[in-house]
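Below is one structure, written out as C-alpha cells; the observations come after it.
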Amino acid sequence: MFSDTAIQLQPVFAQWIQNTHALAPGATAPGATASTSLTWGGGDLVAVGGKVALLPIPLGTADFLVHHIHAFTIHVTVLILLKGVLFARSSRLIPDKANLGFRFPCDGPGRGGTCQVSAWDHVFLGLFWMYNAISVVIFHFSWKMQSDVWGSISDQGVVTHITGGNFAQSSITINGWLRDFLWAQASQVIQSYGSSLSAYGLFFLGAHFVWAFSLMFLFSGRGYWQELIESIVWAHNKLKVAPATQPRALSIVQGRAVGVTHYLLGGIATTWAFFLARIIAVG
C-alpha cells in the first residue's frame with residue numbers, strides 16, 4: 001500500500017534538512033564552504049585591537065628545509081625507541097641482553113667496549129632526541145609566526161610584522177638561527193634584570209646553569225669522579241677530619257640518569273623564560 005510507486009510517505013522534514021544544507025550552507029554553517037583555517041590561504045586576516053592574530057602563512061625554501069629537519073629528528077627518535085623495543089632482550093651483537101637486565105653500562109672489552117645498547121640507554125637517547133625534535137618545532141613556530149604572521153596593522157591596512165619577515169632569508173643558515181633568532185630575540189630576557197621581566201631573566205640564568213651542570217654528568221667518565229672523590233677523602237684523612245662514610249661516584253647508568261634529568265629540566269626552563277620574556281616584551 002505504501003511505497004514510492006503507490007501511496008508515498010515522504011520524509012519531508014529530513015528532506016528539508018538535506019536540501020537546506022545542500023543548497024544554503026552559508027545560512028546554517030558559514031564555515032562549511034571555507035577552508036578549515038585562514039593559514040591555508042584566502043587573503044583574509046584576523047586582527048584584534050590593531051594586532052594581527054592570524055593570516056595566510058606563506059611557505060618557501062626555508063620552510064622546506066625546516067620541515068625536513070622536523071622529519072629527520074622525528075624519524076631518529078622513533079628509530080631509537082623502535083630499536084630499543086625490538087632489541088630489548090637480544091640482538092645479533094649481544095644475544096644475552098636478557099641476562100644483563102634492563103640497564104647495564106657497557107659490555108666490556110670482550111665485544112670492543114660496546115656501550116649504550118641496553119634498553120635503558122635507548123630510553124636515555126630517545127629522551128634527548130625527543131627534546132631536540134620538540135625544540136626545533138617550538139623554535140620554528142615562534143620565529144615563523146613573528147616573521148610572517150604576528151604584528152600590527154595600521155588604519156590603512158598595512159601589516160608590520162614583529163621581525164619584518166626575516167625568517168625566509170635568515171633561517172636557511174645556522175648563523176641566521178644563531179644571530180637573528182636566538183641572539184637577537186634573547187635581548188629581552190638578557191636585559192630584563194631591571195624591569196618587570198626580571199623573574200624571567202633569573203629563571204633564564206638559573207636554568208642555563210642547570211643545563212650546563214648536566215654536561216658534567218654526561219661527558220665525564222665515572223673514573224674521573226671516583227678519583228676526584230678519593231683525592232678529597234685523602235686530604236680529609238691528612239687533616240684528621242675524615243667522614244665516617246666512604247663516598248662513591250655515581251655509576252655510569254646513574255650519571256646518565258642525573259645528567260639527562262638536568263639537561264631536560266634546564267633546557268625546558270631556559271626555553272620557557274626565553275619565549276615568555278620575548279612575547280611579553282614585544283606584545
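First residue shown is number 1, and so on along the chain.
Quick reminder: no glycine exception, Cβ is built from N, Cα and C everywhere.
Note that TrEMBL annotation is computational and uncurated.
TrEMBL lists 64-82 (among others) with the feature transmembrane segment.
Annotated transmembrane segment per TrEMBL: 123-143 (among others), in sequence order. Under 8 Å from some Cβ of the transmembrane segment (123-143) lie the Cβ atoms of residues 66, 69-70, 73-74, 76-77, 80-81, 84, 116, 163, 167, 171, 177, 181, 185, 256-257, 260, 263-264, 267-268, 271, 275, 278, all in the same chain and six or more residues away from its ends.
Beyond the transmembrane segment (197-219), the same-chain residues lying 6 or more positions past its ends with a Cβ under 8 Å from any Cβ of the stretch are 188-191, 250, 255-256, 258-263, 265-270, 272-274, 276-277, 280-281. If you look up TrEMBL, you'll see 197-219 (among others) marked as transmembrane segment.
Positions annotated as transmembrane segment by TrEMBL: 263-281 (among others).
Panel annotation: around the transmembrane segment (263-281), residues 127-128, 131, 135, 138, 142, 185-186, 188-189, 192, 197, 200-201, 203-204, 206-215, 218 of the same chain, lying at least six beyond its termini, place a Cβ under 8 Å from a Cβ of the stretch.
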